[in-house]
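**Q** These came from TrEMBL, pasted as-is:
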- 1-19: signal peptide (SIGNAL)
- 451-811: domain 'Ionotropic glutamate receptor C-terminal' (DOMAIN)
- 457-523: domain 'Ionotropic glutamate receptor L-glutamate and glycine-binding' (DOMAIN)
- P532, T534, R539, S704, D748: L-glutamate binding site (BINDING)
- I680: site 'Crucial to convey clamshell closure to channel opening' (SITE)
- R710: site 'Interaction with the cone snail toxin Con-ikot-ikot' (SITE)
- 879-947: region 'Disordered' (REGION)
- 887-901: compositional bias 'Basic and acidic residues' (COMPBIAS)
- 924-947: compositional bias 'Polar residues' (COMPBIAS)
Amino acid sequence: MRLFLMVALFSCSCAPAGCEPKIVNIGAVLSQKRYEQVFKDAVAQANQVYGREKFKLNAISVTHKPNAIQMALSVCEDLISSQVYAILVSHPPQSSDHLTPTPVSYTAGFYRIPVVGLTTRMSIYSDKSIHLSFLRTVPPYSHQAHVWFDLMREFNWNHIILIVSDDHEGRAAQKRLETLLEERETKNKKRNYENLDQLSYDNKRGPKAEKVLQFSQETNLTALLLEAKELEARVIILSASEEDAAAVYKAARFLNMTGSGYVWLVGEREMSGKALSEAPDGLIGLQLINGKNESAHINDAVAVVAQSIQELFEKENITEPPRGCVGNTNIWKTGPLFKRVLMSSKYPEGLTGRVEFNDDGDRKYAHYSIFNYQKSRLVQVGVYNGTQVVMNNQRKIIWPGGETEKPQGFQMSTRLKIVTIHQEPFVYVKPTMPDGTCKEEITLNGVLIKKVICTGPNETIPGRPTVPQCCYGFCIDLLIKLAMTMNFTYEVHLVADGKFGTQERVNNSNKKEWNGMMGELLGGLADMIVAPLTINNERAQYIEFSKPFKYQGLTILVKKEIPRSTLDSFMQPFQSTLWLLVGLSVHVVAVMLYLLDRFSPFGRFKVNSEEEEEDALTLSSAMWFSWGVLLNSGIGEGAPRSFSARILGMVWAGFAMIIVASYTANLAAFLVLDRPEERITGINDPRLRNPSDKFIYATVKQSSVDIYFRRQVELSTMYRHMEKHNYESAAEAIQAVRDNKLHAFIWDSAVLEFEASQKCDLVTTGELFFRSGFGIGMRKDSPWKQNVSLAILSSHENGFMEDLDKTWVRYQECDSRSNAPATLTFENMAGVFMLVAGGIAAGIFLIFIEIAYKRHKDARRKQMQLAFAAVNVWRKNLQPSSSVETQDDRKSGRAEPDPKKKASFRSISTTLASSIKRRRSSKDTQYPPTDITGQLNLSDPSVSTVV
């Protein structure tokens, strides 16, 4: 019974994992037989550390076969048939076939069995779409780009030429290096290469490939290297096979590109075998530490596999690997999982160093030795410890040409391509002379103007053809000065699209490219930007700026409100209501004076008619008195007599004095002095902060000002308004302000202040904001940067910049007019003259009316006089008989007139009237003569005839 219990207990304890450790077969394809024992020893050592009770590793190894088919058959028959969990594969050191591990990778990868490469460094094995289950304990050749990159930063070489073979290895090296350069340049991409030291990476300036040259077997290497020789960079990085590298060295030596000033950086292939025999002295090359130590890599690979299997056994249920290839098309289900465990494993104490893998299954943190080729021997001068370059023997380096001092890495070209832009007063553009030259020189403010030929689009010709033109101005004078100081020549051209430069999306994608002068500089079409280019952070991330040659900011340009005098300008001191009240008061006072003097007992109308007194105050005289007092004219007649009327007259005189004094005091201010205008107060003006369609303001599209408003969150409302109205150029916007199409233009203060000084209808307003400066733009880390900045600082110190400022920017056209004393002009007083002219015209018109009225009145009066004269004559002729008859009638009691006498009187009257009418209708007829009393002269024959 006791024995049964012991057996049962033993059975239960062994049940979960079995009593015997599971046999796990590990395969290996080795380069030589002697490494098979190394492999077995490594497996035995791993069994002592890993697994123990759970599993036991078993080594199964074969050597490389002569061809790929035999190799694939051997993998199936000798390894997969034994159900191996992983296969280690090496690369024969003397083999010229770089794809030797390929049959192993293809065959095992089909079944998802992990393959661990030992000495295989070709970059093709990093492609997981081809080599599904491949990982390795060595880095690919393209990984050397990390060391090259750090060497360039260590020696501060910022200009390189990359020469690569047109094959997979060359393209992989190019891609890796360009990725590193792009990451350093943009500073915003996630770094995928963890072997870069973060602090060192950020604190040092990154280099840039000036040119990438690819070649193949058919390429003329001499022509290729001649192209490289024309560039400024003198640091050449070569990635090629041994044979190709040897050919490149020969061609370079023939073109004298291996002498002083040049630097050659190469990898391991380019510094071995045939290539080393042709390598130039001073070459800097790399060599992977323990890269060819197959024994060490076998030990590290076995340890990593054993460690991963142990982790796999602890966490997962493992299925059996496939047994053989014949008739078996099923993949190993645990294979992909096992591969992920392998790639995530870390073995810090390996014989080859720290063993880790990246996402492509390549070794990370590889160590390299850095060698200097000196007179047919390699001298170690430094190491790469997996994170950074350490140059422990830098003084021992002999550079090409036998130099002991580090080369600068570039050759400063003495012929520079300059790009600029039409922006007065910094750059003026005028047509050339008929012979195509710019010989004509004019003077501005007493200074001789220097012109240069500049090619570019002609804005005045439809289609904007590119033609030679003449450029001059502030920036051109500065360019001439820099060329003389730094000893270079130049060719100037105008930017093709007429823009300063901003980033814009390409085909509505997320990719952005620079346009304008920035795009031409970054694209290699120009070496330097000499223009009023504003220095800002966005541009400074991509190009280098010199020290500012002019400091400025942003300001606002508006049209000046020029006071215009109208015909009624002399009435401006008083409002219409006040004028109306004054006019009404004149007439009311006149009426009141008339009434007071009329009804006063002491007025002229109430005095004794026998006394000799002045004429009575009529209504007309009262009106004349009222207007005379108001207009301060002499009162010659018609003054009021009564005390009450005179009191009113005195009050009216005081009123008139106050009104006239107030009017006179304000008249000069309104006619001469400028009234304060309601201009923009600055960037915080409510009309800018609260935009509306009634007040339009804008800037130039895709300019630094446009970028500034776009970036500022607090100015987003303003930017949305401006975006709809922005102009293509500053000149167009300034003209729009003058034409009243634009109410305010926001731009660089230097330009706008100049425009306001030249065009007197414009004025800048508000304080400066977004203070910055104009600088000369160059490509990142340009060799000219320091020299240009020093030359600009020197120009500031010796007063040259001040002279340029006086000549081009501060030259005023409106000062004399604005500072002249204010005087009245005809325009100011035109209304007064028109008032006099109106008075004259009114007088002439009224005199004709008076004459006509007088004639009409005189005619009526004379007609009546004739009638009365005729009646008097008739009465005299009839008076005697009339008297007798009257007496007889009275006596007899009859007083009836004689009907015949009545008819005679009517006949005489009718005849007299018709005669007068006939005489008046005749031009030659004179009025009947009258005596001094106005009566008809009866002694005149004409009167007698009529009578």
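Every residue gets a Cβ built from N, Cα and C, even glycine.
What you are looking at is a predicted structure, and each value in this text was computed from that prediction instead of being measured.
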**Q** Between I680 (site 'Crucial to convey clamshell closure to channel opening') and T534 (L-glutamate binding site), how many Å separate their Cα atoms?
**A** 24
**Q** For S704 (L-glutamate binding site), what residues in its own chain, 6 or more apart in sequence, show a Cβ-Cβ distance under 8 Å?
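**A** Long-range Cβ contacts: F500, T502, L533, T534, N536, R539, S772.
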**Q** Can you see whether DSSP assigns P532 (L-glutamate binding site) to helix, strand or coil?
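**A** For P532 (L-glutamate binding site) - judged by DSSP and reduced to three states - the answer is strand.
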**Q** Starting from the L-glutamate site formed by P532, T534, R539, S704, D748, give every other residue of that chain whose CB sits within 8 Å of the mean position of their CB atoms, in sequence order.
**A** F500, L533, I535, N536, S703, V705, S772, F774
**Q** Give the distance between the Cα atoms of R710 (site 'Interaction with the cone snail toxin Con-ikot-ikot') and D748 (L-glutamate binding site), rounded to the nearest whole Å.
**A** 16
**Q** By the count of other Cβ atoms within 10 Å, pick out the sparsest of the recorded positions R539, I680, R710, D748.
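**A** Among the recorded positions R539, I680, R710, D748, the sparsest Cβ neighbourhood within 10 Å belongs to R710.
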**Q** With a 10 Å radius around each C-beta, find which of these binding-site residues (P532, T534) has the fewest other C-beta atoms nearby.
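**A** Across P532, T534, these binding-site residues, the one with fewest Cβ atoms within 10 Å is T534.
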**Q** Which residue counts does DSSP give the domain 'Ionotropic glutamate receptor L-glutamate and glycine-binding' (457-523) for helix, strand and coil?
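**A** The breakdown for the domain 'Ionotropic glutamate receptor L-glutamate and glycine-binding' (457-523) reads 20 helix, 20 strand, 27 coil.
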**Q** Max Cα-Cα distance in Å among P532, T534, R539, S704, D748, the residues listed as binding L-glutamate?
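**A** In whole numbers, the farthest two Cα atoms are 17 Å apart.
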**Q** With DSSP assignments reduced to helix, strand and coil, which class does S704 (L-glutamate binding site) get?
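**A** The residue in question, S704 (L-glutamate binding site), is helix (DSSP, three-state).
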**Q** Please work out the mean pLDDT for the residues of the domain 'Ionotropic glutamate receptor L-glutamate and glycine-binding' (457-523).
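**A** Mean model confidence (pLDDT) across the domain 'Ionotropic glutamate receptor L-glutamate and glycine-binding' (457-523) is 87.
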